[in-house]
Structures are given as structure tokens and as C-alpha cells.
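Now, the feature entries from TrEMBL:
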ACT_SITE  C181  active site, acyl-thioester intermediate
BINDING   R75, G76, G77, Q78, F79, T80, Y81, H82, A150, I151, G152, G163, I164, A165  substrate binding site
DOMAIN    36-221  domain 'BPL/LPL catalytic'
SITE      K147  site 'Lowers pKa of active site Cys'
Amino acid sequence: MNETAERIGWAVSPGLVEYEAAVAAMEARAAAIATDEAGELVWLLEHPPLYTAGVSAKQSDLLDPDRFPVFQTGRGGQFTYHGPGQRVAYVMLDLRKRGRDVTRFVADLERWIIGALDAFNVKGEVRDGRVGVWVERKGPGWAREDKIAAIGVRLRKWVSFHGIAFNVEPELEHFSGITPCGISGPQFGVTSLVDLGLPVTMSDADAALRSSFHSVFGATADAAPPT
């Protein structure tokens, strides 16, 4: 665990937050962190249904371009979906005091999610070449790996922004309008805590995320969402 002198702010926005407004607030906060005018912050929220394209996105992976709004974004990764029932966490941390190691930072984000899943007795796993967290599923005559959380981050002046998307109870059919993260094939799918048969609320997921975050990154303190 990497304890810092100050607790990391932990903010939760109720309802649905429009994507463009959220990105503007997130980028402003990250800039303020870089100039030591604001403290580190994790911001939890939900968006209305939309698709975002990371810097590696291929247009051919946008299968239904007219279904939901599509936003170009500077984060790493390819296409992903955001919508109600998915917990988005924008992670604004100062990597100048966390080792300036991007690979380690992404691995720590994965460990954070895996720790949260462990609270529900779900085994989350990582795969080489496929950033994010996966769950193995098997049945009579079939087996596949379903993605339960996506990761896409960007750094500016060694301050992170964007973050993770953790599927609690989103409408999984909405993912069919894209090739999520550019990964296709019958052996790969998308899942959520509720899809796995767990009666989990967003509050339950938030509590698990906060506990696991403390173990990986350090202690948190309640904070207001950025504006």
C-alpha cells in the first residue's frame, strides 16, 4: 500500500453526469493537481448511454454509430461503452510521488478492481495484451472469458485522468454496438456483477471499490465532485 501524507479525495456524484461536462471537470482538476493547487481525487459517477473512442480505436469497431452519442477521447485504449449501472471512476493521481511508472500504475488499477471483486467472491483475472479485468465462465461444452471492467487512462505532467469502468448492472446488450476494446470472438464477452447472479447494488460496489483502493493506493477522505 502506498500511503501518502494526505488522504486521497473520494467523491461520488448522484444521478447521471453528462460526458462532456465530466471530462471538462476532470481535466481541470488534473491540471490543478499538476500545479499543486488541488489534491488527488477519485471521482465515481455514472454516464447516460454513450460510446467513447480511445486513441487506438478503429472505426470498424464502431458497429452501430447511430445508436448512442460517440465521443473521441484522449485516453488509452479503443471503443468502450458507458451507461447507467456501470460505475465509472475517474482517477486523478499524482504519479510524480508514485514512482512515475505507467506500467505499474495500470497494474495497480487492475489489482484495485480484482480486490473489489474479491469482496463478492468473484475471481478477477488479467491477461497479457488485454488491459482490464476478466472473469472466466464455463458451462457444459463451452468456456469463455468475459470482461467485467475496462481501464483507459491518460497522463499529463505525470497526473493521471480518465480511469476505470466497472460493470455493476449495466444493460449488457448496449455493448453490441461496438467491438469492446477491439476484442472479438465467441470466446470473449462482457459481464457484470448482476449478470454473474449477484444481488449487488451500486452502493455495495462502491464500498468494495473504496476498501480495495485503500489497500492498493492509500487512504481516502470524502470529497466534493469537481466542477
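For all residues, glycine too, the Cβ spot is worked out from N, Cα and C.
Just so you know, TrEMBL annotations are computer predictions that nobody has curated.
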Residues satisfying Cβ distance under 8 Å from F79 (substrate binding site), sequence separation of at least 6: Y51, T52, A53, G54, A57, D61, L62, I178, T179, P180, C181, G182
Pairwise CA distance, K147 (site 'Lowers pKa of active site Cys') versus Y81 (substrate binding site), rounded so that it is a whole Å: 12
Nonlocal residues around R75 (substrate binding site), in sequence order (Cβ under 8 Å, 6 or more apart): T52, G54, V55, G152, V153, R154, H162
Cβ neighbour count (within 10 Å, all chains shown) around I164 (substrate binding site): 24
CB within-chain contacts under 8 A for G77 (substrate binding site), separation at least 6: G54, V55, S56, A57, V131, A150, I151, G152, C181
Across the domain 'BPL/LPL catalytic' (36-221), average pLDDT on the 0 to 100 scale: 96
DSSP-derived structure type at C181 (active site, acyl-thioester intermediate), helix or strand or else coil: helix
